[in-house]
Amino acid sequence: MELQEVLHMNGGEGEASYAKNSSFNQLVLAKVKPVLEQCVRELLRANLPNINKCIKVADLGCASGPNTLLTVRDTVQSIDKVRQEMKNELERPTIQVFLTDLFQNDFNSVFMLLPSLYRKLEKENGRKIGSCLIAAMPGSFHGRLFPEESMHFLHSSYSLQFLSQVPSGLVTELGITANKRSIYSSKASPPPVQKAYLDQFTKDFTTFLRMRSEELLSRGRMLLTCICKGDECDGPNTMDLLEMAINDLVVEGRLGEEKLDSFNVPIYTASVEEVKCMVEEEGSFEILYLQTFKLRYDAGFSIDDDCQVRSHSPEYSDEHARAAHVASLIRSVYEPILASHFGEAIIPDIFHRFATNAAKVIRLGKGFYNNLIISLAKKPEKSDV
């Protein structure tokens with residue numbers, strides 16, 4: 001089975017769906033919103049071609065569920081707010097939004113939510129239906145998605161860590177697995193494995209930057225948010241917990257060791273310095289803003305659908321309930337790729353053990369994601385300067 005067929009979130013609206021388990025990502029978007037607003041402010045001041053008539057925006061790796069349209073709403077509201085601040089008396093521009101993700105993404109569930117979004121934008125922003133046009137653009141952001149110099153603003157949240165393929169070189173010339181008992185480039189992985197993952201990320205991210213530079217207008221903006229390498233004090237990350245859970249099943253004889261050794265997740269969390277160096281070496285973009293922030297990976301447990309902190313309940317301080325919440329999120333992201341390799345029957349057992357291990361980490365006050373926000377502007381052509 002092709003990687004792109006299984007590298008997607010759980011669709012639909014069931015209990016294991018991404019739509020039902022993405023409150024953590026809502027919190028990330030809320031943290032990024034002030035930077036998004038500043039990005040839009042700089043974009044509108046740059047006075048790009050046609051920007052007063054139609055602003056073209058894309059969400060790269062949009063996934064499905066309410067978070068997809070939360071990004072759209074935040075972008076539209078930021079545009080309208082900044083225009084008001086600038087006392088722009090011209091007629092509101094149409095905003096054209098493209099939602100992009102791999103072909104297997106559940107775009108249909110997103111389309112079902114559009115009427116509600118349009119009503120909300122009309123009520124809160126006075127935007128009449130038809131002044132914000134939303135369409136899907138299925139495809140991989142590791143290749144071209146849009147015509148040359150056609151876009152004003154590109155946004156991506158929590159997608160860039162996914163690679164276009166499992167790195168080559170993870171099996172030796174003798175047919176021996178180089179990344180034994182591991183499922184990604186962990187701290188315990190041998191140096192050749194870590195290098196293979198870094199090389200693949202470098203290739204993918206450099207290609208991503210080059211493709212986006214071709215699609216953006218000169219001085220267009222791009223805002224990226226991704227997980228980056230953390231510190232020792234953060235504790236094991238969720239990929240470590242997933243790896244532990246699968247290893248537990250191998251020890252119990254529920255899974256064969258060869259099945260584990262042949263499984264590698266196409267994901268790489270780069271360091272801040274790696275990302276910064278790659279942007280500078282590719283050369284198409286200027287870094288306008290770069291910041292990191294930490295979030296506990298159970299942070300989404302304590303917020304409601306509007307990103308407000310819920311009143312404390314007996315469950316709030318229960319590490320097992322919080323760990324189960326984290327397990328549900330990770331299952332909604334990785335179940336398709338896990339089920340394609342290990343089979344669907346073992347999935348509940350994997351995430352039962354995941355939750356058990358996560359509870360131990362949470363009890364110790366550890367378990368953090370380190371996040372990177374980076375705002376970029378496409379460098380002007382010499383003729384535009």
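The backbone N, Cα and C atoms fix where each Cβ goes, glycine too.
The 10 Å shell around the Cβ of Phe141 (S-adenosyl-L-homocysteine binding site) contains 24 further Cβ atoms across the protein chains shown. What Swiss-Prot lists as S-adenosyl-L-homocysteine binding site is Tyr18, Cys62, Asn67, Asp101, Leu102, Ser140, Phe141.
Within 10 Å of the Cβ of His155 (site 'Involved in substrate discrimination') there are 24 other Cβ atoms, across all protein chains. What Swiss-Prot records for His155 (among others) is site 'Involved in substrate discrimination'.
Among the features that Swiss-Prot reports, caffeine binding site is placed at Tyr158, Gln161, Phe162, Thr238, Tyr369. Counting only same-chain residues at least 6 apart in sequence, those with a Cβ under 8 Å from the Cβ of Phe162 (caffeine binding site) are Leu7, Gly61, Pro266, Ile267. The DSSP secondary structure for Phe162 (caffeine binding site) is strand.
Summarising the annotation, Swiss-Prot assigns Mg(2+) binding site to Asn179, Asp261, Phe263, Asn264. There are 25 other Cβ atoms within 10 Å of the Cβ belonging to Asn179 (Mg(2+) binding site).
What Swiss-Prot records for Ile267 (among others) is site 'Involved in substrate discrimination'.
The annotation site 'Involved in substrate discrimination' is assigned in Swiss-Prot to Glu344 (among others) on the grounds of similarity to another entry. Glu344 (site 'Involved in substrate discrimination') carries a helical DSSP state (H, G or I).
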Within its own chain, what residues at least 6 apart in sequence put their Cβ under 8 Å from the Cβ of Gln161 (caffeine binding site), listed in sequence order?
Cys226, Ile227, Ile267, Tyr268, Thr269, Ala270
May I have the list of same-chain residues other than Tyr158, Gln161, Phe162, Thr238, Tyr369 whose Cβ is within 8 Å of the Cβ centroid of the recorded caffeine site, in sequence order?
Cys226, Ile227, Ile267, Thr269, Val333
Ten-angstrom check, please: count other Cβ atoms within 10 Å of the Cβ of Thr238 (caffeine binding site), all chains counted.
20
Neighbour count (Cβ, 10 Å) for Asn264 (Mg(2+) binding site):
23
So if I draw a 10 Å sphere around the Cβ of Leu102 (S-adenosyl-L-homocysteine binding site), how many other Cβ atoms end up inside it?
19
Could you check which of the recorded positions His155, Tyr158, Thr238, Glu344, Tyr369 is the closest Cα neighbour of Asn179 (Mg(2+) binding site)?
Thr238
